[in-house]
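**Q** Before anything else, here's the structure in question.
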């Protein structure tokens with residue numbers, strides 16, 4: 001290993017510039033959003049979720065970004081062992097709570113469409129608050145191991161150059177400084193691999209999977225419940241093609257063919273036989289008729305009464321049915 005500490009490389013300067021830009025742009029925007037949400041007199045369920053998402057964004061902007069930028073500027077750790085553990089804990093906590101709040105928003109959207117509890121505003125708001133409390137507690141619990149994983153290491157005593165590192169990295173550096181060929185114990189390597197996998201799963205992959213599943217279910221629910229009704233389309237087409245369907249009930253016991261009464265150009269009525277082998281559902285939906293055409297319907301009713309049909313009369317047989325549409 002070299003006798004001089006490492007120096008910043010190009011990627012470090014790119015990261016530093018990106019952090020500065022994000023802080024300059026994101027800081028005022030999130031502070032304005034915080035002020036706007038805080039000034040609202042009443043907090044709806046969505047306002048509560050927005051507020052907690054804003055809190056998590058402020059943690060990232062005002063905890064992670066400045067500390068990381070200072071670390072890249074100095075390129076060594078000058079805060080001591082406790083501050084090393086605390087800063088890494090806050091870094092993990094900020095990103096974890098941001099992911100957890102996004103999961104809460106996705107779960108709230110899912111429950112709002114599939115759970116009857118969300119029809120009650122009080123119960124829905126209590127459930128949302130419970131989810132947010134769980135999210136903050138889970139983020140706190142998941143971030144706690146950082147106090148054991150991170151510690152300071154004085155790599156160059158003559159230069160007082162120290163670094164905040166993971167315990168597994170410190171073991172490797174110590175072996176390199178001592179010029180020993182001792183292999184890192186298998187147990188330590190397994191611990192490091194488990195830590196990295198669990199950390200990435202909890203902070204990104206598990207939340208991303210939950211969010212994706214929730215929004216897929218919501219999208220399917222919206223699609224299935226927004227398709228046009230076949231019955232409504234059939235009724236509308238019948239209203240356009242036919243002015244009305246009237247049925248007559250006579251005293252005779254013999255079957256009379258059902259006729260569709262259509263209005264001709266001279267005001268006369270043309271009857272068309274419908275085969276008794278084709279059962280029909282007679283739909284009466286007068287509520288959907290427009291106001292401007294009601295006068296013509298009244299004249300039709302008067303004319304139809306001359307044929308023995310009245311507006312309230314009907315004819316039924318074994319292959320015809322009556323129904324009403326309730327809007």
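Backbone N, Cα and C atoms are what each Cβ position is placed from, and that goes for glycine too.
These numbers come from a predicted model, not from an experiment.
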**Q** For the annotation transmembrane segment in TrEMBL, which listed range does it cover: 58-77, 158-177?
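**A** That would be 58-77, the stretch labelled transmembrane segment in TrEMBL.
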**Q** If TrEMBL is the reference, give me the range from 132-150, 227-245 marked as transmembrane segment.
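**A** Based on what TrEMBL states, transmembrane segment spans 132-150.
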